[in-house]
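Below: the structure, in structure tokens.
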Amino acid sequence: MNSKNYHQKKRFGQHWLVNKKILEKIKEIAVLNENDFILEIGPGKGALTSKLLNSEIKKLHAIELDKDLINLLNDKFNNNDKFSLQQGDILSVNLDSINKKITKVIANIPYNITGPILDIFIGRLGIIRKYNYEKIIFLMQKDVVDRILSKEGSPNAGALSIRMQLLSKIKRICDVPPSSFSPPPKVFSSLVVFEPIKNDLRLDISLEKYIDKLLRISFNSRRKMLRNTLNTILSNEEINELSESSKVCFNLRPQDISIDQWIKLAENCIKIKK
């Protein structure tokens, strides 16, 4: 198939990056080397794929959902030994055979699957992470990145920002206007780099699970004070004890609690409940 004859499908949320400066920027921040095994999600017509393959990398494995693009991509890159292609849905495809080989993940994420993609590649609290990614580069919806980077006290702060910041170091590289895509989306995007935190000595899986439990309970009623949300799992006596031992005011709302305070709350809550 000739790429000029291909028409994008709305159901796949296809907005292809055409801004050459941003394509080059992605390659630049990836800091590629001869040992890199790249996973590219949704290569589209291969604009970014081509740039990545022209770098000193070991392998690029691309996963594309749209069957009509498979032949186009194979025709374009079939003679490149570093390239492999798999047709499938990234939300359900089995990556076990290559997961431990992948060093970097790069994707222009369809807005409608941002949450599940973050769960798969950044991870979830309390779930053992079965990967060794050095760097994850996502082009994603700007307002989601705004939420992810929010600190305590911000109206955007929430369970998502705390989870993502506990699991990775995050850096926004730049914002990307709709005109950088074809067709243009209705909103701005942001180019962001996640570096998974592999060995956070403060946390273990059981503590992560408890932090996640506290976050779910608290942010389900984010307008309420902690005292009035955690009373579903703690008695008034336990709440007072936890407030004192953690040095956290329970008259605050969850978005006003720092990450270190959530860790301390979970640690002391576990002690109280033993």
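The backbone N, Cα and C atoms fix where each Cβ goes, and this holds for glycine too.
Feature annotations, reproduced from Swiss-Prot:
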- His15, Leu17, Gly42, Glu64, Asp89, Asn108: S-adenosyl-L-methionine binding site (BINDING)
What residues, ordered by sequence, lie under 8 A Cβ-to-Cβ from His15 (S-adenosyl-L-methionine binding site) and sit at least six positions away in the same chain?
Asn108, Pro110, Phe181, Ser182, Pro183, Pro184, Pro185
Other C-beta atoms that fall within 10 angstroms of the C-beta of Gly42 (S-adenosyl-L-methionine binding site):
23
To see if you understand the setup: which same-chain residues, six or more apart in sequence, place their Cβ under 8 Å from that of Leu17 (S-adenosyl-L-methionine binding site)?
Leu23, Ala47, Leu48, Asn108, Leu139, Val176, Ser180, Phe181
If you count the C-beta atoms lying within 10 Å of each candidate's C-beta, which of the binding-site residues Glu64, Asp89 ends up with the smallest number?
Asp89
